[in-house]
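Reviewing the structure listed below.
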């Protein structure tokens, strides 16, 4: 009776060995390297060892796969005969033939081994590692280092053969360290966090806007040409002062005749440095700064780098013909991440306002992204950047007062026009369709 019990002991050892390697695999993938760095700085030696495991993730993942494979093969080789040998005497009273007893014992041993392998060798260790990756990573780092040392030649050979097979197939060898998420995966994670986590909505909105930022262009963020507050070279100081008082900006494009002929950018702070206000065109030119020009198609993240490199806060956006299409500032980039910011001098309200009737007053210059965020809509509109532009694109003409378009469950109504420009838009949730009677 010693032989079967020895086999049973070996089988149980292999089940737990399989669980050890499974837990290791999930833990070292899930653990954050930054967390291990924190623990290592606090003097945790096991954290330093675990960090070395994470730094060589490819090799250690291969080691866990080898360990799982060896444990599974050994379990099939030793476990089934050992369990069958223990079960066989228990079936003797049933009265089956020797062949029947052997067949039933083999089947029962297979079922029992499979159950132990799945529950104790796979599912339980996986759940433990996912729930407590830090503790598991710290516990397995030492033994895994020894296992990798003992089997390194075999692991290296297997990895090399696998890489060669992939190269023959025209594929690249996957890197275990390249476990980052794509933009779409990050959006799905944020959507899941909205439903399950206690993270405030404002933080999740900020994360989502940050992810979307590289997909925006200068055209999406700019103030349109028709809304730019600018100064003229031939204006009197009083006229320039009046424009500054009304618009309340710090920087202004100064034009020769129109916005396609920009002489420079005027920063009102330069007046304080000079100690006097320029009264002539010549004096005004002395304080003008060279304008920064960017194309409409420049990505927002590249635009931010350009602002940093040139130490500028304002850029003139030009169209494909070289004409001025609009103006974009650092504040526009910040607002694209943090949401709309209200300057202390700004007197207008938010771009989407709830009305007592249940409808919403929408500023036509509201970005399509902000509109979608407000109403919980997933909008894939790349050709336009504002609600007003969306209405014009859907109508395929200059809108008229009273025109309507449907955006998901939201109906947009043009409330007021000023020439070809949309001034006011009303948003209403579409009424549900009446139920059909039998």
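Using N, Cα and C of the backbone, Cβ positions are placed for all residues, glycine too.
Keep in mind the model is a prediction, meaning the values are calculated, not measured.
As annotated by TrEMBL, domain 'CNNM transmembrane' applies to 1-208.
The annotation domain 'CBS' is assigned in TrEMBL to 287-344.
Packing against the transmembrane segment (6-29) from elsewhere in the chain are residues 50, 53-54, 57, 60-61, 64-65, 67-68, 71-72, 74-75, 78-79, 81-83, 85-86, 113, 116-117, 120-122, 124-126, 128-130, 132-133, 136-137, 140, 143-144, 176, 179: each is 6 or more residues past its ends and has a CB under 8 Å from a CB in it. Taken from TrEMBL, the feature transmembrane segment covers 6-29 (among others).
Sequence annotations record features per position, and here TrEMBL assigns transmembrane segment to 60-79 (among others).
Here TrEMBL flags 99-124 (among others) as transmembrane segment.
Feature annotation from TrEMBL assigns transmembrane segment to 136-158 (among others). Below 8 angstroms of C-beta separation, residues 20, 23-24, 26-28, 31, 36, 39, 44, 46-47, 49-50, 52-54, 59-60, 62-64, 66-67, 128-129 of the same chain, each at least six residues beyond the ends of the transmembrane segment (136-158), sit close to that stretch.
Listed by sequence, the residues of this chain that lie at least six past the ends of the transmembrane segment (60-79) yet keep a Cβ under 8 A from its Cβ atoms are 7, 10-11, 14-15, 17-18, 20-22, 24-25, 28-29, 53, 109, 113, 117, 121, 144, 147-148, 151, 154-155, 158-159, 176. On the 0 to 100 pLDDT scale, the model's mean across the domain 'CBS' (287-344) is 88. Across the range of the domain 'CBS' (287-344), the DSSP-based residue counts are 21 helix, 16 strand, 21 coil.
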